[in-house]
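Features reported for this protein in TrEMBL:
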- 49-70: transmembrane segment (TRANSMEM)
- 82-98: transmembrane segment (TRANSMEM)
- 104-126: transmembrane segment (TRANSMEM)
- 133-154: transmembrane segment (TRANSMEM)
- 174-205: transmembrane segment (TRANSMEM)
- 212-231: transmembrane segment (TRANSMEM)
- 243-266: transmembrane segment (TRANSMEM)
- 273-292: transmembrane segment (TRANSMEM)
- 298-317: transmembrane segment (TRANSMEM)
Amino acid sequence: MALLRSMRLWLVGLLVFYAAWLLLAFGLGYWELAREHWPMALSMAIGSYAAGSTPMGGGTVGFPVLVLLFDMPASLGRDFSFAVQSIGMVSASLFIFARRQTLAWPMLRGAMLGSLIGTPLGILFIAPALPDLWIKLVFAVLWGSFGLLHLYRLNEITAHNACPHSEPKRDFRLGVWLGVAAGASAVATTGVGIDMLIYAVLVLMCRVDLKVAIPTSVVIMAFSSVIGVVVKSLSGDWHPEVFGNWMAAAPVVALGAPLGVFVVGLIGRKPTLLVVACLCVIQLLWTCYVEWQAIGALGAVLVAVTVLFGLLGFEWLRAIGRRRPRPEASKGLSLGNAQPQAS
């Protein structure tokens with residue numbers, strides 16, 4: 001009974017969503033549309049698990065599947081990321097709140113405020129000016145460099161066990177700047193990215209435990225996705241193919257993302273992070289292969305150089321973290337009934 005009471009917020013959210021989805025599917029006749037897009041539901045079964053268990057949103061799988069595998073426009077990948085993460089990542093966030101998991105609240109609050117400013121500005125003024133090819137390359141470089149970082153720093157990253165206790169005012173201000181920058185650039189153009197940036201700062205610079213950094217990244221991505229959905233809906237600028245893919249994927253991610261939050265506490269984060277990091281590197285190589293005629297050898301070199309700069313940026317954050325006093329080790333990192341999770 002106590003468990004059900006603690007999960008009430010999440011369960012109510014699920015009931016409201018599935019009632020709305022069933023009304024759309026069978027009351028308004030969209031079931032056949034959902035069936036036509038079943039491959040996306042299958043893809044997002046994996047993507048939603050990654051969304052809940054890693055700092056890589058569901059769009060990390062949805063974007064390359066639509067854009068690289070199905071050869072759809074990058075704008076569809078971005079819009080779909082907003083739509084599907086507004087269900088999956090929000091569901092995972094409610095699950096995190098219900099379990100009373102510890103979050104890096106000062107930086108999270110700052111990032112929310114920053115995203116509230118940056119994401120609408122980026123969607124309305126920056127994203128429309130970028131060609132599809134640039135959006136594909138931004139996504140590939142962003143997640144490719146992030147994947148490479150985890151391949152050679154995984155043991156160090158998973159060994160952090162510090163509380164998010166540092167300087168709240170500084171963390172809030174830093175969160176605001178990160179939220180504005182990531183919202184206006186990565187989120188507005190690809191539908192993801194702010195989660196990765198907040199996670200990278202928490203883990204590399206603040207050396208915070210993954211049990212705190214990853215749930216914090218999930219919540220900020222959920223918040224930014226909802227902003228994206230609101231801005232897209234108010235501006236009437238949705239890609240027409242989003243709804244069918246959303247109908248197929250939404251009922252999967254609503255459970256898949258919270259499942260990722262739960263299962264990773266049993267099996268540990270290292271195996272999941274390793275697999276997703278490999279997928280990030282593969283999609284970088286695949287993007288260069290698919291777009292070779294457009295970018296050529298010179299473009300591939302520029303992509304490699306940009307990835308290198310991304311890695312240098314991560315290493316710079318790590319160097320700052322190593323110069324700071326070693327943070328206090330955590331004592332379980334749980335609140336209330338939340339249990340410590342494997343790393």
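Any Cβ shown, glycine's included, is placed from N, Cα and C.
Predicted automatically and left uncurated, TrEMBL annotations should be read as such.
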Listed stretch, out of 174-205, 243-266, 273-292, 298-317, that has the most CB pairs under 8 angstroms to the transmembrane segment (133-154): 273-292
Stretch of maximal Cβ-Cβ contact with the transmembrane segment (273-292) [cut-off: under 8 Å; candidates 49-70, 174-205, 212-231, 243-266]: 49-70
For the transmembrane segment (82-98), sequence-distant contacts whose Cβ falls under 8 Å of one of its Cβ atoms, 6 or more beyond its ends: 6-10, 13-14, 17, 44, 47-48, 51-52, 57-59, 62, 191-192, 215, 218-219, 221-223, 225-226, 228-229, 232, 238, 242, 245-246, 249-250, 253-258, 260-262
Proximity verdict for the transmembrane segment (174-205) and the transmembrane segment (298-317), three or more C-beta pairs under 8 Å: yes
In contact by Cβ distance (the transmembrane segment (298-317), the transmembrane segment (49-70); 3 or more pairs under 8 Å): no
Positions whose Cβ lies under 8 angstroms from the transmembrane segment (212-231), at least six residues beyond its ends: 51-55, 57, 81-83, 85-86, 89-90, 92-93, 96, 101-104, 107-108, 111-112, 115-116, 119-120, 123-124, 163-164, 179, 183, 187-188, 191-192, 194-196, 198-199, 202-203, 257, 261, 269, 330, 333
Long-range Cβ neighbours of the transmembrane segment (243-266) (under 8 Å; 6 or more residues past either end): 10, 14, 17-18, 21, 24-25, 30, 33-38, 40-41, 43-45, 47-54, 58, 62, 66, 80, 83-85, 87-89, 91-92, 94-96, 99, 215, 218, 272, 339, 341-342
